[in-house]
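So that you can see what the record holds, here are the features copied from Swiss-Prot:
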type	residues	note
TRANSMEM	32-52	transmembrane segment
TRANSMEM	65-85	transmembrane segment
TRANSMEM	108-128	transmembrane segment
TRANSMEM	131-151	transmembrane segment
TRANSMEM	158-178	transmembrane segment
TRANSMEM	186-206	transmembrane segment
TRANSMEM	251-271	transmembrane segment
TRANSMEM	287-307	transmembrane segment
Amino acid sequence: MNHATSELHDESAVTSIPETTRLQDLKALVKMGIVNSNTLTVFTGFWLALHFNGLSVMDNLDKLFFTIVGSGLVMAGVCCLNNYIDRDIDPLMERTKTRPTVTGKYKPGFALTFGLVILLLGFVFLLLTTPMAVLMGFIGAFTYVVLYSLWTKRKYTLNTVVGSISGAVPPLIGWAAIDPSLGHPIAWMLFLIMFIWQIPHFLALAMKRVDEYRNAGIPMLPVVHGFEITKRQIMIWTVCLLPLPFYMSGLGITFMVIATLLNIGWIVLGFYGFRKKDDIKWSVQMFVYSLNYLTILFVSMIVVTFF
C-alpha cells in the first residue's frame, strides 16, 4: 500500500467510525458473542459430568461459578489477543473493520495487555476447580492464539481444522472441573461434535465472505480452491457427525433421535447445495442451520437428563 493510498484509507476509516458506547467496544474487543456461545458448551460439559458421576449441582455451585467465570475469562482473553494479532487485516474485511482495535477505540497495547491479564485471571479461576480444567483451558488458548492466529490462519487452508481444535475444548473444561480423569466416552463425544461441527460452520461462513477473505489475503478453502471443493468438504464433515449420537446412548433414545434428525436435516440441506445455483444464499442457509443445530443439540443434552 503506497503512502497516498494509506492516507486515503486512514481518512475513510476515521470518517466511518460508528458511534458506540464503551460497553459495546469492550464486548467487541472480547468477542462477547463467541464467549456466550461457548459458555453453553462449557456448562453442558459441567452438567453432564455431574450427571454421569451422580453428583448434585447444588453441592458444586462454587465449582460452577469458578468454571463459568474462569472459562469465560480465558475465552475473552484469547479473543482479545486475536483482535490484537489481526489488527492489520481486520480493516480489509467488512465484518471486522469496526472492531475497536481497528477504529482506534482501543490501542493495540491495551488489547495485548488486557487480553493477557484476563487470560491469566481465567486460569486462576479454573485452578480453583481442578488442574485438568486449567490444562484444557491452556490447550484451547495455545491452539487458538499460536497455532491458529499466529501460524496457520494466513498460510494454510487447514487453518479451519486447526482452529476447530480450540473451539472443541470448552466442553472438556466444564467436564474436567468435575471429573479431571475425563474418562467417560461422552466427554470426548462432546469434543468430537464441537470439532467436526465447526468445520462446515466456518466453511459456510467463508463462502459467504469469500471476497472479504480474498481481499485480506486469508487462504480460506473457497478462496484457494473454489466453491465446489468447499461444498464437498462441507458435506464430508457434516456426514461425519451422523454416527456420533449412537456413541452417546447414555443420554437416552430421545436425545439420539433429536440428534439424528438434526444431522439428517443438515445433510439434506447440504446435498441441496449441489443443485442450487445461488451458492452464497445456500452458504447462508447452512451457516444459520449450523447455529440452530448447535443450540438445540446442546440444550437437548441438558434437558434429557431431567427425565
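Backbone N, Cα and C atoms are what each Cβ position is placed from, and that goes for glycine too.
Beyond the transmembrane segment (251-271), the same-chain residues lying 6 or more positions past its ends with a Cβ under 8 Å from any Cβ of the stretch are 48, 186, 200, 231, 234-235, 238-239, 241-242, 244-245, 285-286, 289-290, 293, 296-297, 300-301, 304-305, 307. Counting same-chain residues at least six beyond the ends of the transmembrane segment (158-178), those with a Cβ under 8 angstroms from any Cβ of the stretch are 38-39, 41-50, 53, 55, 60, 63, 66-67, 70-71, 74-75, 78, 126, 129-130, 132-133, 135-137, 139-141, 143-144, 147-148, 151-152, 184, 187, 190-196, 198-199, 202-203, 206, 218-221.
The list of residues near the transmembrane segment (186-206) in space but at least 6 beyond its ends in sequence, with Cβ under 8 angstroms from a Cβ of it, reads 41, 44-45, 48-49, 52, 160-161, 163-165, 167-172, 175, 179, 213, 220-223, 230, 233-235, 237-238, 240-241, 244, 247-248, 250-251, 266, 270, 283-284, 286-287, 290-291, 293-294, 297. Residues of the same chain lying 6 or more positions beyond the ends of the transmembrane segment (287-307) and with a Cβ under 8 Å from any Cβ of it are 37, 40-41, 43-44, 47-48, 51, 193, 197, 200-201, 204-205, 208, 251-252, 254-255, 258-259, 262, 265-266, 269.
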